[in-house]
Structures are given as structure tokens and as C-alpha cells.
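> TrEMBL lists these features:
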DOMAIN    212-601  domain 'Acyltransferase 3'
SIGNAL    1-22  signal peptide
TRANSMEM  148-170  transmembrane segment
TRANSMEM  216-238  transmembrane segment
TRANSMEM  261-279  transmembrane segment
TRANSMEM  300-320  transmembrane segment
TRANSMEM  364-383  transmembrane segment
TRANSMEM  390-412  transmembrane segment
TRANSMEM  444-463  transmembrane segment
TRANSMEM  475-499  transmembrane segment
TRANSMEM  505-528  transmembrane segment
TRANSMEM  549-569  transmembrane segment
TRANSMEM  581-605  transmembrane segment
């Protein structure tokens, strides 16, 4: 009761320790320390007996008599934009040490006793509202799905060994001929594809101008991983949730919260590569409806093997790889949700599912990219037949997307900042959010970047065909060097919408209509300048040879990095601690581990499936794997055809 009396005295002396402006309440660190902790975990190692059960418990704080402390928590929680709901506490509880399971298999009564004991010192009581994701020492056993995945992995390994041996023998002994379907699994061949130099294109020499693309991919993936590092700290159990709450008051963190606008960079790359490949292919044969369908199938083939492998791993093996207080909350929960939703992922429509479930949520981008690819191919089929309407069609699509964003923001009274969600909504995996499903996830809300990429491809292709060198154009060079800064200014302007008193709704609608369009324009100017080889130290950095391999691994890294993040945090038996240093440390750890795991995954799953598809379609892949023994008849090489199916590039991921 001493802590409660101390807190009562602090509440009476509120002007000395709080800042109260109308309904706004800010607490100092001393007061935070005297509040009931939002998160707490029982000792995991002391709950490992054969009969012990550990559950994740949510409980509402109540009081049978007037409580200044509870009123303070309620007032503090009314600032829903930047505060957690402090009237609900979250605990990891060894419920078997407090009571026994109910007749219906529910541990809620036992959890009630445990949590009540922990809040009595504050003069409060707790009413348990859920006791879920319980685990015991024998709760996880291999399933048939896990065994079947093990068989698949062994089969892939055997195929890789056989194909690699056959490949080596084929180079050493001309009498040995390899089967093109088996050779698709050759590690030697796929390694040569993985590390090939983009400055020496395998097909069209014009592709060497796109070398900086790999550096953009790598840096973009690092930004994505950091944003997800921040997200996992928001919804995992930490000992200083006020660190997250205070992010909403700092200018730099507000800019970070608005940084998803740069997602348009990846959509722009995807649209550019699709359109540029079509333009080169159309030099030999026109784009037809059949080729459009084949391109869509090709994109599905390139996306799906890695995505399904990661999905299958999440459902079957991931829950078996560790344990800890948050393992059920962060890992088993996702496996359960993925088992229900996996087929939506295979069809790439999961960006329209109800939120609040945890199943590789970051892969919504793949669904949006697939949907935009379908729309992009239809659009290209139209404008390639009548190029006079290019500007009208592309302009209409961008304008329609911008108007849709503005109208939706105004009608539903949304904040235009994509991540302007309360910490409580983020903690519940965006459950109850309106901004995400209405303004962020739909593919048509991201048309600005994709259509901008298509337009940039036409401009770049026209400049190459007519010998126009933008690198020698002084006004464009000035615009190129200022483009990223201008895009950053657009992001910075969104900070005003995270203020305690936001601007009027009409201004929110206007910003929502223009923000992604302006950022997309800025990035496409930068991308056009990079591909046009404008002089820039940053462009030279993006073309660094080391980025070629890392950029090629970007898709694998994107798909699996969240698995690495959860594996790192969920195995921790103590509460996490949020800080800039801990976030940077987790970013470095997750990035290194992600790329290490991505190499064998790319060599044995992603590239073999792509090469197998090419073999089925009769597309040859020209990769010189031995610098000593030249391929036969190299004295009279014939130029390879630029095939649309082979060169609708793999996805550019966030």
C-alpha cells in the first residue's frame, strides 16, 4: 500500500509532475515508474515443470471505490493517438501456479488470481478478459505438414547435389550431357546467375544502364527492415512503453512514421521494369493478349515459390524452433492464423483481408504488386496499340488514384499519415484501423508509383532510341539532384497531421490526394537520372559491384526478414527494452542473418523454380560459369532474343 499512498500524493500534487493542457496529460519518468506496468512476464524458467502452463493474459484494471490512480490512467488513455490503453494490462503468467484449469479448458480463473495479486499494491483489482496462447513443455509436436516440408527440403537438396555434379561433369567431359530440367537445380549455375555483373548484360546491352537499381533495392530493404523493427517493438512486450508513446511528440520520429510514402519507390521500379521489358520485346514482335496472360503467369511463378515456402515454414516448422514467454504470442499465433489464410496468399488477394490477424502481414505488398502487374499489362496492351493516348491513359489513372485517396480521407475523416495509428491499434496488429484497409493496402491507392514507373520507362526508352542524353541537360541535372530532397519535404509536411490539434479535414484530404503522387514524381525523376547516368556520387555508390548480389537477394530478404525478427525477439525470456541503440542493434542483427539465410534459399528454391519454368517455356539462360573452358562455337555467337516471359523482372519489394 506504500506505493499506492505515494501515488495518491503525487496525483494531488499533479501540477508538479504533469503537464495538463485541456485533455492532454504528460507524465514524467518518476510517475511512470509508480504506475502499474503495462507489460510484465513471470519467470519463464520457473514454469517449465511437466504440469506447468504459461499463458498470455489481458486484464482490465478496476476499483471498488473511487481511485485517483485509475482516473489518471483513464485520462491518460483518452489520448488515443499517441498513448496505449493503460487501463488494460498485459501479462505473461504461469497460471498453473495460481490455480487449476476450468472444466471447459479455460485458465481464466487461475489467471485472475495471478494478476490480482500483482496489482493489489496499487489499490486496484484486475478483471481478466482473456487468457490465451497458453503453452507447456509438451505443447508443440511435429505435424504432418512439418514432416512433408522436411521431405521437400531433402528432395531439393538431393536435386541440387545431383544437378551440380552433372553440371561439373558436363563442363569437364563433353560426352556428358545434362538434362535442362535437372540443371535448373545446379548450385553452380544458379550461383553464377546470382552474382553476375549487371554491367555485362546477358541479353540486351541497354540493360546495363539499370545497374543502380540493385543499390536502390538494397537500401530500400534496409529501410523496410528498420520500419518493421520499430513495429515489433510496438506490439511485443517491453519494459518502457512510454518510449513508443513519446515518439509521437518528436519531429524526427514523426517523419519516420510518415516514411512509408517512400514505398512508391518500389512500385515505381516494378512498373518501370515491366514497361521497359515490354518496349524492348516489342521491337521484334508486338505485344498480344496471349503474351500479357503469359507475363502474368510468369510473375506468379516468380513470386510464389519463395512466398509459399516461407508460408509453409511459418505454419509447420517455425513453432518448433524455440520457446519463451512471448513465443506463443509472436510465433504460434502467426502459425495459427496462416493455417487459416494461406490460400489467400497463394491467390495474392490477402491485402483485402480483415486486419487483426498475424500472417506474414508484410507480404501485402506482393498482393498489391501482382494486382498492379495485371493492370499494368492491360494498360500496356492498350497504349502499345495506340501510343497517342499514352499521356491521357496514364494521367487518368494517376488522377483517379489521387482523387480516390482524397475522397476516402475526407468521407471517413482519416488522418492522411499512413502510420498515424495509436500504439494500441499497432499492438493489436492494426485491428480496428480504418487508415490501413482504406488508404494504404488497396492496390489502386498505390497507382501513382506504378504508373509513374511506366511513364519513366517510356521516357527513358525514347531518349535511348533518339540519342537524347539527359546527363548533359543542366536543368534536369539540377532537378535530379534535388529530387530526393523535395520528396523528403513532402514527407516532412505530413508531420503537422500528427499534432495534438490536427489541421482541418479538407487539408487532410488534399494532402492524402497529393502525397504519394508527389513522392512518386520525385523518385521517378531520381530514377530516370540514375539510369541516364547523371553525374552523382550517390549514383556511383548505388552502382557499387557489391550491391549486385545483395540486390538480387532482395526478394528473399523481404519475404523472410520478419521471420528472423520474430525469432530473435520471441526467444527472449525477459521484457524487451526499446531504445534507438536496441533498434539499430536488432536492425544489424536481423539484416545480417536475413541475407545469410537468403543465399541458400535463393540458390535452392527461388532460382531453381525460375530456371525450371524457363526450361519448360523453352527459354535458354546464358550464363558463363567457367572462365577457363569457353562454351562451344563461341567464335560466332548469335544474339539472343529478348524474351518477354524471361525478362518481366522479379518483384521489387518493400
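Any Cβ shown, glycine's included, is placed from N, Cα and C.
Keep in mind that this is a model prediction, so the values were computed, not measured.
Looking at the shown structure, can you explain where the listed features end up?
Listed by sequence, the residues of this chain that lie at least six past the ends of the transmembrane segment (216-238) yet keep a Cβ under 8 A from its Cβ atoms are 39, 41, 90, 92, 244, 256, 259-260, 262, 265-266, 269, 325-326, 329-330, 362, 423, 426-429, 527, 530, 542, 547, 550-551, 554, 557-558, 561-562, 565-566, 569, 575-578, 582-583, 586-587, 590-591, 594, 652-654.
Residues of the same chain lying 6 or more positions beyond the ends of the transmembrane segment (261-279) and with a Cβ under 8 Å from any Cβ of it are 210, 213, 216-217, 220, 223, 287, 295, 365, 368-369, 372-373, 376-377, 380, 384, 418, 446, 448-454, 456-458, 460-461, 487, 490-491, 494, 515-516, 519-520, 523-524, 527, 642, 644, 647-649, 651-654.
Outside the transmembrane segment (475-499) by six or more residues, the chain places 81, 248, 251, 254-255, 257-259, 261-262, 415-417, 420, 508, 511, 514-515, 518-519, 522-523, 525-526, 528-529, 534-536 with a CB less than 8 A from a CB of the stretch.
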> Under an 8 Å Cβ to Cβ limit, what residues of the same chain, 6 or more beyond the ends of the transmembrane segment (148-170), are close to it?
176-179, 182-189, 312-313, 316-317, 603-605, 608, 625
> So are the transmembrane segment (390-412) and the transmembrane segment (505-528) touching or not, going by 3+ C-beta pairs under 8 A with a sequence gap of 6 or more?
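They do touch: at least three Cβ pairs between the two stretches lie under 8 Å.
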> What average pLDDT does the predicted model assign to the domain 'Acyltransferase 3' (212-601)?
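In the predicted model, the domain 'Acyltransferase 3' (212-601) has a mean pLDDT of 91.
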